[in-house]
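Annotated features, as they stand in Swiss-Prot:
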MOD_RES   Thr12  phosphothreonine
MOD_RES   Ser14  phosphoserine
MOD_RES   Ser20  phosphoserine
MOTIF     30-33  motif 'Pseudophosphorylation motif'
MOD_RES   Ser34  phosphoserine
BINDING   51-78  3',5'-cyclic AMP 1 binding site
BINDING   79-167  3',5'-cyclic AMP 2 binding site
MOD_RES   Ser82  phosphoserine
Amino acid sequence: SLRECELYVQKTDSREDEISPPPPNPVVKRGAISAEVYTEEDAASYVRNVLFSHLDDNERILMGSTLRMYEEFLSKVSILESLDKLTVADALEPVQFEDGQKIVVQGEPGDEFFIILEGTAAVLQRRSENEEFVEVGRLGPSDYFGEIALLMNRPRVLGPCSDILKR
């Protein structure tokens, strides 16, 4: 439906607790607002169409299979619960690490977020430059790391190291 609204524009004096009446010839601006009601299914379909509109048929099929492949996995990653699975699946890039390979380094800036699909990662930390790294935890499938450095633009706090970590 269409609604009209009026907006009176005037300067106010320093006394905010008093409301003065509009001036005899106020400046009037008219505007209109309209909206259509959509169901959640309509909105999801629209988003899907927008996301897939630039893809050819083969790319659409590949994207659909990628989404199905990751859908169950992504539902187990709590930090992604509120996000659209299609958008998240589209943003994922599989990577593979060798056994013992450093994934991130403590103290370095972080610009990536990792979700473990398969395998485990040892979380290593050292308290000072003179100390050795100590394992303080292990991460496995559906665990994630790197979100704090990425979201807060801070150096990495811990440094996971792969232990047969595969995509």
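In case you wondered, yes, glycine gets a Cβ from its N, Cα and C as well.
Bear in mind that the values here come from a model prediction, so they are computed numbers and not experimental data.
The structure, with features from Swiss-Prot marked on it.
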residue: Ser75; record: 3',5'-cyclic AMP 1 binding site; contacts (Cβ under 8 Å, 6+ apart): Glu81, Lys85
residue: Ile79; record: 3',5'-cyclic AMP 2 binding site; contacts (Cβ under 8 Å, 6+ apart): Tyr144, Glu147
residue: Ser82; record: phosphoserine; contacts (Cβ under 8 Å, 6+ apart): none
residue: Ala91; record: 3',5'-cyclic AMP 2 binding site; contacts (Cβ under 8 Å, 6+ apart): none
residue: Arg127; record: 3',5'-cyclic AMP 2 binding site; contacts (Cβ under 8 Å, 6+ apart): none
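Note on the motif 'Pseudophosphorylation motif' (30-33): mean pLDDT across this stretch is 50. Ile103 (3',5'-cyclic AMP 2 binding site) has a Cβ environment of 21 other Cβ atoms inside 10 Å.
In three-state terms derived from DSSP, Ser82 (phosphoserine) belongs to neither a helical nor a strand segment and is classed as coil.
Residue environment of Ile115 (3',5'-cyclic AMP 2 binding site) contains 21 other Cβ atoms, counted within 10 Å of its Cβ in all protein chains.
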